Each structure stands twice: as structure tokens, then as C-alpha cells.
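**Student:** Feature table excerpt (TrEMBL):
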- 1-10: compositional bias 'Basic residues' (COMPBIAS)
- 1-34: region 'Disordered' (REGION)
- 41-66: transmembrane segment (TRANSMEM)
- 156-174: transmembrane segment (TRANSMEM)
- 217-235: transmembrane segment (TRANSMEM)
- 242-260: transmembrane segment (TRANSMEM)
- 296-324: transmembrane segment (TRANSMEM)
- 344-362: transmembrane segment (TRANSMEM)
- 416-437: transmembrane segment (TRANSMEM)
Amino acid sequence: MTTIRQRRVGKGTEAAEDQPSEETNVKPDGKIPPDPPGGKLWNILSITVGGIVAISLGLLTSVYVATLHENDLWFSNIKEVEREISFRTECGLYYSYYKQMIQAASIQQGLHGLVYDNKTESVRTINILERMNVYQEVFLSILYRILPIQQYLEPVYFYIYTLFGLQAVYVIALYVTSWLLSGTWLSGLLAACWYITNRVDTTRVEFTIPLRENWALPFFAVQIAAITYLLRTHLQPAQQRLTLVAVFIATFLFSLTWQFNQFMMLIQALALFILDCLDMLPTAKVTWLYIIQISGLLLVCVLQFFNSMILGSLLISFNVSVLIARTIQKNLKTGGLLTRLGKLILHVLLVLCLTLLINKFIKKILNLESDEHIFKFLKAKFGFGATRDFDAKLYLCEEAFGLLPLNTFSRLSSTLLFYVYGFVLFLLTVAAVIVAFRNLSGSNQAQLKEKMEEYTVTLKPDAAYNLVHTVLFGCLALSTMRMKYLWTSHMCVFASFGLCSAEVWKLLLKCLHVHTSQRTQVIKYSIPIITLLYISFKFWPGIMDELSELREFYDPDTVELMNWIKSNTPSTAVFAGSMQLLAGVKLCTGRTLTNHPHYEDKNLRERTKQIYQIYAKRSPGEVHGILRSFGTDYVILEDSICYERRHSRGCRLRDLLDVANGHIMDGLGENEPDLKPSVYPRFCEEIKKNLPSYTMHFTRVFQNKTFHVYKLAKHK
């Protein structure tokens, strides 16, 4: 088990930058008046300063997380095997393909090894580029090979520095989005500061470097920034075309780097659909965004050798359904309130039915079952019936897939982020409800328009999109803790935008009947500056202490295991064990695996369940037969799983296996009435007694405090 221990001493004012609301900056004839000469020069200066601040903050964030990673592990001082072990679970699996490409005799041979891989899953040849999102590892390995940097930079540093560099892109994108929404780069500065001071809840890049989300989320943030700019009014045709290209590139890169891209973009598509139905976004731009999502995902599908999971995604079915339904219902946005509501309900039902029909048809044609475990998990999670399904329970019992812990909000509140976010969210939600009602009512009365003018100004299309985006991703984060990083980073953007927005303060002051333009300007700058000072004085000492705290990587048992495997087993040996450990075995030793943590394949899920019988109550002969059917030469047993205490009864891996096998669980507590006692003891416990019934099939060849390795007899 890995621990991080203390390191041993030894080895070596900007008012003119604000952009007036587009609605108030237009002449009656629709033309935009030119800026005064002095104002144009000041805007250029402001944009230059704001850009420099954005780049500086992005680079500082990269250096910050890189320093934390070095200080936590003493990465520059530890051995290569320890560095590789630090890439835990699926992180190690992904990094192993980068290492494989680097060590290949040529780029062509490396690509051939990925397309025809027979070491990731024993007795099977799989296409890694089809099954997994590892094009980033391929691209980075090729870049490393062709650049003249091999003598100056180790491959592992080129890899991790690239990921830390992407954090700069991430922060700059958040900064720009907030700036675009509020019209002042002070808002971007506040968003970046909140992102850094809430690092525990906004990113985990410093300790899960190769994780797919760390590649994907910077591109997702760039896409949101581009969409925010696209939804501004009065864009020139050339500006709009360039922005659409930027949205497409960001969408494509996001989709290429993360297997869960389709689910994130489905939520994004739902946000666009809601706003389009409520007439709060330009329909033409929404249509382009639907098409970009589909085309980006299909391009990724082609690059992944027509991955069937992408073709059968709900996103493609939903977007196609929306476009078809809109063609059928051409007069959706006409009529009075009741007529519009009736049409809207029919439209939603039509889209829902078409989505389900198209998706079911595609999955039937392709015989697609790769993502069924996700829907089983969602069904069980939201209470649509209990489940004994092993795969669904495996997710349900993991803390990362549980509800967002309440202490998250206390941490976010300590930086004032959550308080400001709640304040802005409340104001803009009220404004959105009123604007939506007005749009649906279709009233053209001048008096009503004048009365509602402040709400229209406050809720421009770009603000409306970010409002619904943050609400939907907030719901996702609340239901699934692992997805909180999609919400908390955008929370920084949304809160800083509201605090620096003239429209938001104008709305509030008008409600309180104390509005003046001078008072609005004073508040929109003074409150953010006071907030920045508070954050700086409160958290700067803590950040400095964090950067000065030195630790080192310490996992001697796993290091001993990996060194033993490399020294004492043939390079063609096949290993069975837990998914998480085997990813490290592949990375550190290059041995063949029976299973691994990339769970998006039905055959692999069934194989993993069979391999995990080593922790169930099965006879030695049965376990031996199962393992040999997958070509296993060695099996690794872990005491941390066999005698697990991390999870409560009913969520331990051995409990999930017992229930799936129809056996009662160990320990005190209730069991379902149809479960029966097993006639065999637990395999992982009994094998250590060296009984003849076990030694005829298994021979112990290695053990330490954590791991036990057994060699399988090869019976005819």
C-alpha cells in the first residue's frame, strides 16, 4: 500500500475596459456606433494588460501544481519503478502505451503494436486505438521522438510537463470566459484565484496526472469560452466563422481525449435544447452547435476505427432527434402562452421518443452492449430497483461515484466562492424565469418590454447559456462526486462573472430602488477587489506553507513485487489479479495481463468478474480452471482486498462476489433470504494454509506483507 511520508533530510482602475451591453450599444437603425478615439486606445491597452495577466496566471498555476507534485513524491529523486508505480490504476495503464511507443524500434512498429495488441488482454488481440482514448499518448510519444530533446529531458518529464502545461490552458480559458461574460478582466483574475485557492475541489491533476479528464477538461473549458463568445450579439460573419471553427476544434479534442465525452456533451446539448425551447438563444447558432457536436464525435469515431460505443451514444441520437423534430414542428415559436406551452410539451415528447427509438435501433443494428453497465449503475443509483449486478455494485460502492460530500461546501465557502455563487445563481435564475415567461407569452406590449428591460440586459444569450450549464453540471456533481471538477471550475467562472457584472448589480440595485450608474460602477469594482484582498491575505500563507512541505514516495512492498516480477518471470508470463494492480504490472514489467481497469467493454467486464473469483468462496479446482482458461501463469493476491476493511459490509469486493454467486456474506448482519452458505471456504484465505488440494494447483513463489504470488500448475 502506498503512503506519502515526510521526506528524510539528505539527498541532495480599468473602467474603460468594460464593454457596454450589446443591447444598449446599438443605434435604432441597428448599426453599432464607433468607439471614440481615446476609448479605442484604452480598450487596446486594457486587452493587452488583461491578456498578460491571463497568461501569467496560467503559467503560475502550471508551476504551482508541478511543484506540489514534486514536493509530494520527490519525483526527481526516486527510481524509475517508483515513478511508474506512482501512476496508479488506470493512470498507469494509459502511461504504459506512451512508454510502449517510446521504446518501440520505430513509430510504425509502435503503432502496429497498439493496433494489434495481445499483451493487455491475454489470449485476445485487441485494437488499443479503438478501445481506449490514447491518441494523446501516441501524439506525445511521436513528438518526443522527433524533437531534439532526448538528451535533455526524460520521457516521463516530457509527459507530465505537458499535462501541467495544459493546466495553463485550462486557467486561461476560465479567465477568458469570465472576462467575456462580465466585460472586465478583473473578473477573470478573480476566477483564476478562486480556481487556485479551491484546488482540492477544482482539480486533481497533481496526483492523477495521466487521467483522461486531465487531458480533456482544458479543451472543454476552451470550448465553453468559444461558445460564450459565439453567443454574443452583433458578431461579424468572419468572427462567427472563426469562432465556430474554434468550437469544433475544442469539441473534437475534448471528444478524442476522454471516453466519457458523449455524456458531458449530452448535458451540454440539453442546456442548448432548454434555452432554444425558451427562445433565449438564437436558433441558427444552436443548430450549428448541434452539428458541431455530431461531426466532432463522428470524426473521433472514425479515428477510433468506428468504435461502436460512440455510434450508439445518446448524444448523437438526441441531436439528430432535435433536428428532425424541429423540421416537423416548424411553427414552434409562434402563438400565445398556452399555445406555446402546448407546442413545447409536444416537442419535448417528440424529441424524447425519437431519441429512444433511434438509439435503440442503432444499438440493435450494432449489437452494442459496451455501455450497458453505465445504465445499470444509473438505474440502481437513482432508486429504480435494487440490483445484484456485479458491475453496477462495483461502481455504487465506490466513494467517487457517490453523492457529493457536504464538507465540499464548507471548503468552497471558506474562500467565499460558494456564497457568491449562490447569490449570483439566485439572481440570474429569477431573471431567467421572468425572461422565459415573457418569451413564451409572446407579448409585444411596449410597456411590458420597458418594464422588463433590465432583465433582458442582465440575461444576455451568453449569460443564459452559462447559467443553465452551471445548473445542469451542478446536478451532475451533486449526484456523482467524481464529476465535481466539471462543476467547481465553472463555479469559479460564474461567481466571478456575477460579482463583476454591471448588469447583475444594476438588477439588484433597481430591485432595492437605489440604482445609479455611478453606484453600480463603484460596487462592480470595489466588491471584487475586496474579495481578492481577502483571498490573498487568508490563503497566501497557506499556499506558501504547502509549497514548502516536503514529502517522498514510499511503497516498498509494491516496488519489491515489481522488481521480483521483472527478475524472476519470463517476459511472456501472464498475470492475473486486481484491475488496479495489473495496470501497474503492465507499466513496470511489460508482462501480459488477464484484465485491466478500462472497463468499457462487456467481454472484459465478464472476464474481470471471473478473475475476481480468487476472492470468492470457490474450490481450488474451479479457480484454477477459470484462471487457466485465460492463459494465466501467475496470480497475485492482495491482503488489502482479501481482508478489506475500507468499505462497509455489503460493499467489500468479497461481499459483491458472494452475493453475485448466491452465497451469504461474511460477518454479522442481514442476508437476503435466497442466499445460501457456500460449501467452500474463501479461496484467498484458504490457499495460504498450503493444503494439498491447493498446492496441487498453486505454488507460492513470492510473498511480502501485502502481496502473495502463486504460480499455476499446467495440468493437461
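Placement of Cβ uses the backbone N, Cα and C atoms for every residue, glycine included.
What's the neighbourhood like for these features in this structure?
**Tutor:** Non-local neighbours of the transmembrane segment (156-174) in the same chain are 54-55, 57-59, 61-63, 65-66, 69, 75, 80, 83, 95, 98, 140, 143-144, 149, 188, 191-192, 195-196, 203, 205, 209-210, 214-215, 217-219, 221-222, 224-225, 489-490, 492-493; each lies 6+ residues outside the stretch with a CB under 8 Å from one of its CB atoms.
Through the fold, the transmembrane segment (217-235) approaches residues 22-23, 26, 32, 166-167, 169-170, 173-174, 176-177, 180-181, 243-244, 246-247, 250-251, 253-254, 257, 264, 281-282, 285, 289, 460-462, 465-466, 469, 485-486, 489-490 of its own chain, all at least 6 residues removed from its boundaries and within a Cβ separation under 8 Å.
If one looks beyond the transmembrane segment (344-362) by at least 6 residues along the same chain, the residues whose Cβ comes under 8 Å of a Cβ in the stretch are 273, 277, 311-312, 314, 316-318, 320-322, 324-325, 328-329, 332, 368, 440.
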**Student:** Looking only at residues six or more beyond either end of the transmembrane segment (242-260), which have a C-beta under 8 A from one in the stretch?
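**Tutor:** For the transmembrane segment (242-260), the far contacts come to 132-133, 135-136, 212-213, 215-216, 219-220, 222-223, 226-227, 229-230, 235, 288-289, 292-293, 295-297, 299-300, 303, 309, 598, 600.
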**Student:** Which sequence-distant residues neighbour the transmembrane segment (41-66)? Criterion: at least 6 residues beyond either end, Cβ under 8 Å.
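**Tutor:** Same-chain residues near the transmembrane segment (41-66) but 6 or more away: 14, 16-17, 35, 160-161, 164-165, 167-172, 175-176, 179, 185, 188-189, 192-193, 195-196, 199, 203, 205-206, 543, 547.
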